[in-house]
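Heads up: the structure comes next, in C-alpha cells.
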Amino acid sequence: MASSSASLMLLIPLLVSSLMAASAGNFYKDFDITWGDGRGKILNNGDLLTLSLDRASGSGFQSKNEYLFGNIDMQLQLVPGNSAGTVTAYYLSSKGATWDEIDFEFLGNLSGDPYTLHTNVFSNGKGNREQQFHLWFDPTADFHTYSILWNPQRIIFSVDGTPIREFKNSESIGVPFPKNQPMRIYSSLWNADDWATRGGLVKTDWTNAPFTASYRNFKADACIRSSGASSCNSSSPSSASTSSYWLSQELDSTSQERLNWVQKNYMIYNYCTDAKRFPQGLPPECKTN
C-alpha cells in the first residue's frame, strides 16, 4: 500500500474540504425527498439529511435545481457495520432516452471488509465506463466529502479534495461528452443484493435493518439552469455562480500526482484495461483518459 510520505499528500485537500464546508447549503432549500414513505428525513434545521432502507423500501432525494456545469460537494457518512447488499448512490443525471449521468455509487460489504466506490460516466445514454476503488479510510466512521467537478473540458471525481478519476472531453475523436443537458443531483439508498456485494453472492442481512446513510454540508458552485437560461450567463448571477474559476479548472501537477497515487494503490477495476470485455478494442476515450 501507499507509503506514509505519500499519505501526507492527503492532508492539504482534507483541510481544504473542511474549509469548503463552511458555506454549506440547506437541505430544505436545496432538495426534495422524493420517495421512501418517510424513510428520508431532513433534520437539525436543514443541516442534516438521512436516508434509510428496510425490507419494505429504500429512500431517495433530488435537487430542486438543475445544473449545467458545476463544482459540487457533499459530505456523506455511509451505512456502518454489515452493509452487504446495500447501495448508496449519489449522482448527477438528466432525463430521457439519451440521458447524461455522472455517478458515485457506494457498494456495501460485510463488517470489516471495505466498501467499493463505483464511478461511471454516461453520455447520450451510453455508459459502460466504470472505474472502481477502495478508500484509504473507513467511510462509515465519519463524514467525508465527495465532489464532482464538471466543466466543458473534463469531469473530475474527488474524495476529501483528492482527485480519484478524470474523464476528459474526447469529442475530437467522436466520443460524446455531457455538456448540453442540465442535470439534477440525486441520491438514494436501496437494496441491490442481486449484484452489489461479491457479484450477488452475499445477501442483505435484514436483521441489521434499518440501514442509514447521512448527508451534510452540500455546496454547489454551479451554473443553475432555469427556463432555458443559465445563471452563469446572467448579468446578475446567483451567489452560487459568482466564482466560476472551476469552469476552466484542470489538474495541476500536484493534483495529478495525487490522482496517480490513488489509482496505483486503490483502484480495483478500470474499464480501460479490460481487454476481455472489449474484444473489438478498448473504447477510444481510453487513449486520453
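Placed from the backbone N, Cα and C atoms, the Cβ positions cover glycine too.
So that you can see what the record holds, here are the features copied from TrEMBL:
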SIGNAL    1-24  signal peptide
DOMAIN    21-215  domain 'GH16'
ACT_SITE  Glu101  active site, nucleophile
ACT_SITE  Glu105  active site, proton donor
CARBOHYD  Asn109  N-linked glycosylation site
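Mapped onto this structure are the features recorded in TrEMBL.
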{"residue": "Glu101", "record": "active site, nucleophile", "Cβ within 10 Å": "18"}
{"residue": "Glu105", "record": "active site, proton donor", "Cβ within 10 Å": "19"}
{"residue": "Asn109", "record": "N-linked glycosylation site", "Cβ within 10 Å": "20"}
> Which whole-number value in Å describes the distance between the Cα atoms of Asn109 (N-linked glycosylation site) and Glu101 (active site, nucleophile)?
Replying inline: 25
